[in-house]
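Q: Submitted below is the structure of interest, expressed as structure tokens.
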Amino acid sequence: MAGDQVHVLAALDGAKTQWYHFTAIVVAGMGFFTDAYDLFCISLVTKLIGRIYYTVPGSPSPGSLPPTVSAVVNGVAFVGTLSGQLFFGWLGDKVGRKSVYGMTLMLMIICSVASGLSFGRTPTSVMATLCFFRFWLGFGIGGDYPLSATIMSEYANKRTRGAFIAAVFAMQGFGILAGGGVAIGITALFRALFPAPPYAADPVASTPDQADYVWRIVLMLGALPAALTFYWRMKMPETPRYTALIAKNAERAAADMSKVLNVEITKEQAGDLETAISIKSHTSPSFGLFSREFMRRHGLHLLGTASTWLLLDIAYYSQNLFQKDIFSAIGWIPPAPTMSALDELYHIARAQILIALCGTVPGYWFTVAFIDSVGRFKIQLMGFFMMTAFMLGLAGPYDYWTGQGHQVGFVVMYALTFFFANFGPNATTFIVPAEIYPARFRATCHGISAASGKVGAIIGSFGFLYLAQSPDPAKTAHGYHPGIGVRYSLFVLALCSLLGFMLTFLVPEPKGKSLEEMSRETEPDHC
């Protein structure tokens, strides 16, 4: 901006790392902890729900969700998330980030509990109410994406801004671990209290009545981390950049900065900001979202951030949501008839924790460690390239990997695709949209980019469900049509990663630059 503003807004860019930065990471990060727990725990409990409500008497195999029900249960939260990202992103730019930040968390708390209290005992009533509450849970989760990223970017200094935003997003890894850990803990307790034989030995007794409580408890516990941080989220002040640049209240912006960042701002400096804001309101660009001037400045950027997030999520979520099916296909999880319902949940949760520990969580924190030295652009390129390479490495010799004695190698390769997704585009696609757009469009454009990603997640969760089915009709899951198999599905996902690599060249590098410099807010309108 104008040089007069350097006293206040530049103080944000040059501020030392302080206690409030870590407080903000934890408060915003616990929202993402909850997000990941809620979105991924459903993949753990769907097989248990299938056994409880969809077992056919006399069938040689335990029950599973019908294809349409499975697709809806997995996808409805994504539809809600997509809607929330667009709505709360827009609302955050209109009325303020803080003003709507508490709404998203309250929705998560209420709907996490309500998901576990899904009404009725018939499959139709339970699934209908579960899907209803998971839509609104997703709506709250969706709002957390643009708001948390924008709040963290607008408070962070430019030297460590990438690491701070990445640390907020990295809490997803712990949320995934928590989902698996809670499932294992609750399952272990119920297995000890209500032992059950394998399905092959006694189909009815293999799923004790008490198993219906297990999936409900797992889903409801997603409300706990959100509830623990609600008070602190409501105490967070509005970001000084929003207050100064959009609300145009320099005095309040200076007061909030002094309070939370322990930065002394004199009345003269606050007055400089007031003057600069007045000058800016007459000289700064006045173009609207999707105007010709916006498209000239940021059109390719928005195409880049939206398309790379979409392609990343097609690959990421199709693997993540259905990793239990991949593990079953390579024999790493025993056949369903040889386990009781709770045994199956235990094995799936254990596999998920292993992948998270080996690939997901380290990948997130490698990004935190290196993003401000290596840069967003290079990390995203590397991540997409390595995802492509490892998926091709899995798909090419797929028969070898699924052969006897090679399953561990398959799991290692599979974990490495997650490592480079998280030390790569899964983190950078979240970070960059919060850094490169003007303040008055920042949350909206982040929401648009994130919503594009959720379109990819929906494609991944629906498409992979059908594509990965065996081409042999005799080997497809009950109720599914033949697909192209896991091997050729991995080739499709590798192609998505390769396209993401190429489209990354549309995205600028924000490393070491101020938000105002990246958003080009000081440029006059193009005539």
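Cβ coordinates are placed from backbone N, Cα and C, and glycine is handled just like the others.
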Q: From the ranges 23-45, 345-367, grab the one TrEMBL calls transmembrane segment.
A: 345-367
Q: Across the domain 'Major facilitator superfamily (MFS) profile' (24-512), what does the pLDDT come to on average, as a whole number?
A: 86
Q: Return yes if the transmembrane segment (410-432) and the transmembrane segment (300-318) have at least 3 CB pairs under 8 Å (sequence gap of 6 or more), otherwise no.
A: yes
Q: Ranking 100-119, 164-193, 345-367, 379-398, 488-508 by the number of C-beta pairs under 8 Å to the transmembrane segment (213-232), which range is first?
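A: If we count Cβ pairs closer than 8 Å to the transmembrane segment (213-232), 100-119 scores highest.
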Q: Quickly jot the same-chain residues contacting the transmembrane segment (300-318) by Cβ under 8 Å, restricted to those at least six beyond its ends, or write none.
A: 78, 380, 384, 387, 391, 421, 425-426, 429-430, 432-433, 436-437, 445, 448-450, 452-457, 459-461, 463-464, 489, 493, 496-497, 499-500, 503-508
Q: Determine which recorded stretch among 100-119, 345-367, 444-468 has the most C-beta pairs below 8 angstroms with the transmembrane segment (488-508).
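A: Per the Cβ under 8 Å count, 444-468.
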Q: Counting only residues 6+ away from its ends, which parts of the chain sit with a Cβ under 8 Å from the transmembrane segment (345-367)?
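A: Same-chain contacts beyond the ends: 40, 43-45, 47-48, 166, 169-170, 172-174, 176-177, 179-181, 183-184, 187-188, 191, 214, 323-324, 327, 332-334, 339, 379, 411-412, 414-424, 426-428.
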Q: Relative to the transmembrane segment (69-88), which of 164-193, 379-398, 444-468 accounts for the most Cβ pairs at distances under 8 Å?
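A: Top-ranked stretch among 164-193, 379-398, 444-468: 444-468.
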